[in-house]
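Student: Have a look at this one before I ask anything.
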Amino acid sequence: MATLAVALTGNPNTGKSTIFNELTGARQKIGNWPGVTVDKKVGYTRYKDRAISIVDLPGTYSVNARSPEEKIVIDYLMNNKLDLVMDVVDSSNIERNLFLTVQLLEQGIPLLIDLNMQDDAERRGIRIDVKKLEEAIGMPVVETVGRSSKSTRKLLDVFTDTVMSQYHVSAQVQEHIDRVQAIRAKDIPDSSKEEALIEARYELIDKIMAQAVNTEHVSQSVSEKLDRYLANGFLALPIFLAILYAVFQITFTWIGQPIADVLDDVINTDFVAFMTDFLTDAGVADWLVSLVCDGIIAGVGAVLTFVPLIFVLFFCLSFLDGTGYMARIAFIMDPIMRRCGLTGKGVMPLMMGFGCGVPAIMGARALDSEKDRMVSILVTPFLTCGAKLPIMALFAAMFFPDQAANVVFAMYIAGVVMAIVAAKCLGATVFRDKGSTFLLELPPYRLPDMKTVLLETWDKGKGYLVKAGTIIFAASVLLWVMSNYNFSGPCEIEDSILAMLGSWMSQLFVFHGFATWEAGAALLSGIMAKETVVATMGILYGAADVSTEAEDAIETAGAFMNTGMATSFTALSALAFMVFSQLYTPCVTALGTIKKEAGGWKWVAFSAVYMFVTAWLISLLVYQIGRLLGF
């Protein structure tokens, strides 16, 4: 029997992705739609011996093909053979959601209408008569609560049992479609035509609402009550900062760091010792033992140690997103962002930058004006992405052990401040444009669906693991070769190619407090991938004699570092190094994304140079002012 092809469509924040996750579980493939950087999610399941393929189309409010998301939806629905198209409707906002439904029906697309979030609708006094709604539209209607397993089974039954060819739009919907075609055929200005189409659609929606929906007056909703404090008034920004601070305490003090410490001991002490003994007893050549233990395990292991921190941070951010709070951040920050020449909507791609700069740069496509888009692309790399996190965590744990979480939090804030300042400067100089409007829907507050939160955490965090197994693995081998050889052959690390390159790089930091070849080599490798800064540190300091004293001297920073790391930096120079690492040139992957999104090598060169110069100056100020203050 052929695979059943299903597409899910609907407005943003209707619970469509939750339904998709419930239906497909972990059986998903995530890529990009051709020609754009919008996520393409395809999932698979099997029910009643029938294979089902499900595509989660991007959330959109219309199908006018003006944005990448709108174009994807209409192109996919019109150009693919589908057995079923399910329009997921937020029952608590049914009037607004029906606007997209009507547009899809105008295109001749048969729909299964899913009234999701019925529990929210009932709490808001909205009663929907499903039978009357089916009669009013002429299409099948099903009720669900997105995260309910009962709803999932109901949908799967509908998918396998419904034959869409048996359904036809109602008389009033057909009358509306004829009217729309007549309006489009008129020889009038496009603006007048669009106004007439919108008016016709809302006339039909009003009829449907009158026939099938009854709304009772209810008291103020929980979301409205919470928004009085969380999204409005003078408490909104302090509460946001307090929540952000709590996220970092959870990540670096309460949960993430203790797990990371255990993993650090397992990888960098127990596993290294086991592999060294195993390979030596097996008669493996000394150079190969060194490559495996001092190169690959030291490099990849140094990065893997921070996996718990990455996953805990992503879990917290996904959890907040699931509550509906992340959307409020855009409104909270809108007044501040407007002073920088942007809108609050620009915060959303920037927030993605806390995970990885690459999707954050891609996310700038959602911004409405060219100015906002370009500024967002060029300031996003200032933020502390997941790849920079190991650098911050390593130096904070080693040089500020009692205040590690606070120091890392300060680095995140510094990145945000620098991004805002850069946005203001770029908006006033390189990109001058009129301000843009700001429209964003606030979803109701909800308890997050833990299955969805965990899947999103895995989707975001697995990229870090893939990097550790590919880019960092290759970089670790390359760095080991460069640290053990020069152009004459094998040599001591001080005479190696890596030392030569690091020495050249270190001359730029004579007045910054970290003019060592090790620091220079680590920063140079960071342009390949920011994670390799820590990997390089692991190789360089792991290549020296490692004794029990090294393990005892720097317990919190990991057994891969010896006392040479401690003597190479002071607390002040370590802080200056962290600041530079936070702000300097993006990794090559981010630079490649900038080229694709900004449209040319000149913006790649501009980004690389202006960020390096900015980092160099700010780091210099931190170190020199610190010295003047006696630190």
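Just so it is clear, glycine is given a Cβ too, placed from its N, Cα and C backbone atoms.
Nobody curates TrEMBL annotations by hand; they come from automatic prediction.
Sharing the record's features from TrEMBL:
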| type | residues | note |
| --- | --- | --- |
| BINDING | G10, N11, P12, N13, T14, G15, K16, S17 | GTP 1 binding site |
| BINDING | N21, T24, G25 | Mg(2+) binding site |
| BINDING | G35, V36, T37, V38, D39 | GTP 2 binding site |
| BINDING | D56, L57, P58, G59 | GTP 3 binding site |
| BINDING | N116, M117, Q118, D119 | GTP 4 binding site |
| DOMAIN | 3-165 | domain 'FeoB-type G' |
| TRANSMEM | 229-248 | transmembrane segment |
| TRANSMEM | 296-320 | transmembrane segment |
| TRANSMEM | 341-362 | transmembrane segment |
| TRANSMEM | 374-400 | transmembrane segment |
| TRANSMEM | 407-431 | transmembrane segment |
| TRANSMEM | 464-485 | transmembrane segment |
| TRANSMEM | 569-591 | transmembrane segment |
| TRANSMEM | 603-625 | transmembrane segment |
Student: Just give me the nearest neighbour of T24 (Mg(2+) binding site) among the binding-site residues D56, L57, G59, M117, D119, Cα to Cα.
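Tutor: Given the candidates D56, L57, G59, M117, D119, the nearest one is D56.
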Student: By CA distance, which of the binding-site residues (G25, D56, P58, G59, M117) lies nearest to G10 (GTP 1 binding site)?
Tutor: G59
Student: Sort out for me which stretch, of 229-248, 341-362, 464-485, 569-591, 603-625, has the most Cβ pairs below 8 angstroms to the transmembrane segment (296-320).
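Tutor: Answer, by Cβ pair count: 464-485.
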Student: Do the transmembrane segment (229-248) and the transmembrane segment (374-400) come close, with at least three CB pairs under 8 A (pairs 6 or more apart in sequence)?
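Tutor: Answer no, regions not in contact.
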Student: Checking your reading of the structure: which of the binding-site residues G25, L57, P58, G59, N116, Q118 lie inside a 10 Å Cα sphere centred on N13 (GTP 1 binding site)?
Tutor: G59
Student: With pairs restricted to those 6 or more apart in sequence, evaluate whether the transmembrane segment (341-362) and the transmembrane segment (464-485) have 3+ C-beta pairs under 8 Å.
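Tutor: Taking Cβ pairs at least 6 residues apart, the transmembrane segment (464-485) and the transmembrane segment (341-362) are not in contact, as fewer than 3 fall under 8 Å.
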Student: Show me the subset of G25, D56, L57, P58, Q118, D119 whose Cα is within 10 Å of G15 (GTP 1 binding site); these are the binding-site residues I mean.
Tutor: none
Student: I'm checking region-level scores; what's the whole-number mean pLDDT for the domain 'FeoB-type G' (3-165)?
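Tutor: Result for the domain 'FeoB-type G' (3-165): average pLDDT 87.
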Student: Go through 407-431, 464-485, 569-591, 603-625 and flag the stretch with the largest number of C-beta pairs under 8 Å relative to the transmembrane segment (374-400).
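Tutor: It is 407-431 that shares the most Cβ pairs under 8 Å with the transmembrane segment (374-400).
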